[in-house]
Amino acid sequence: MSGHGAPTIDLTTLNPEEASQLKLAIVAASWHTQIMDGLVDGALRAAKEAGIAEPTLLRVPGSFELPVAAARLAPHFDAVVALGVVIRGGTPHFDYVCQAATSGLTDVSVRTGVPVGFGVLTCDTEQQGIDRAGLPGSKEDKGHEAVTAALATAVTLKQFS
């Protein structure tokens, strides 16, 4: 949900009773502490705005570990949000980690039917991560956006349960 043409999802327009009853898990990587702290803060703020008092927060080492954690949690939650940041270095490692996280999280969502909010930043520079982390002066708040998308999808899918 970024860039030109991104939808506007206002959590206050969701049925407050439905949204507040959702069980939400947030799985967050640990690399790049400043950026991750911003992403997690934005995610927790979005959960609170939706009326979710206590989302489950699980920390994992890195973005590569996000899919396995999301897979373990998904059957027990209405929505899962994965937060991480991968910054390009001088080797193909960036490409492998980004591909593994993206395809792994997509697989979890499709296989379980549980929405997985994608809050993994794939950046060329640390500054790009800071600009998207919801920190003071940031241009975007991807942690907040990932929770908003996951919860909106979960509420929509509840009608088909």
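The backbone N, Cα and C atoms fix where each Cβ goes, and this holds for glycine too.
Listed features, source Swiss-Prot:
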type	residues	note
ACT_SITE	His93	active site, proton donor
BINDING	Trp31, Ser63, Phe64, Glu65, Val85, Val86, Ile87, Phe118	5-amino-6-(D-ribitylamino)uracil binding site
BINDING	Gly90, Thr91, Arg132	(2S)-2-hydroxy-3-oxobutyl phosphate binding site
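In this structure, the recorded positions under consideration are His93, Arg132, and the one with the smallest number of other Cβ atoms within 10 Å of its Cβ is His93. Most Cβ neighbours within 10 Å, among the binding-site residues Val85, Val86, Ile87: Val85 holds that distinction in the structure as shown. Note: the CA-CA distance between Gly90 ((2S)-2-hydroxy-3-oxobutyl phosphate binding site) and Trp31 (5-amino-6-(D-ribitylamino)uracil binding site) rounds to 17 Å.
The shortest Cα-Cα distance from His93 (active site, proton donor) to any of the binding-site residues (Trp31, Phe64, Val85) is found for Phe64. On its own chain, Ser63 (5-amino-6-(D-ribitylamino)uracil binding site) has Ala29, Trp31, Gly84, Val85, Val86, Val97, Cys98, Ala101, Val120 as residues at least 6 apart in sequence with a Cβ closer than 8 Å to its own Cβ. Counted over every protein chain shown, other Cβ atoms within 10 Å are most numerous around Phe118 among the binding-site residues Trp31, Phe64, Phe118. Within the same chain, residues at least six positions away from Glu65 (5-amino-6-(D-ribitylamino)uracil binding site) with a Cβ under 8 Å of its Cβ are Ala29. Note: the Cα of Thr91 ((2S)-2-hydroxy-3-oxobutyl phosphate binding site) and the Cα of Phe64 (5-amino-6-(D-ribitylamino)uracil binding site) are spaced 16 Å from each other. Binding residues for 5-amino-6-(D-ribitylamino)uracil (Trp31, Ser63, Phe64, Glu65, Val85, Val86, Ile87, Phe118) extend across at most 17 Å, taking the greatest CA-CA distance.
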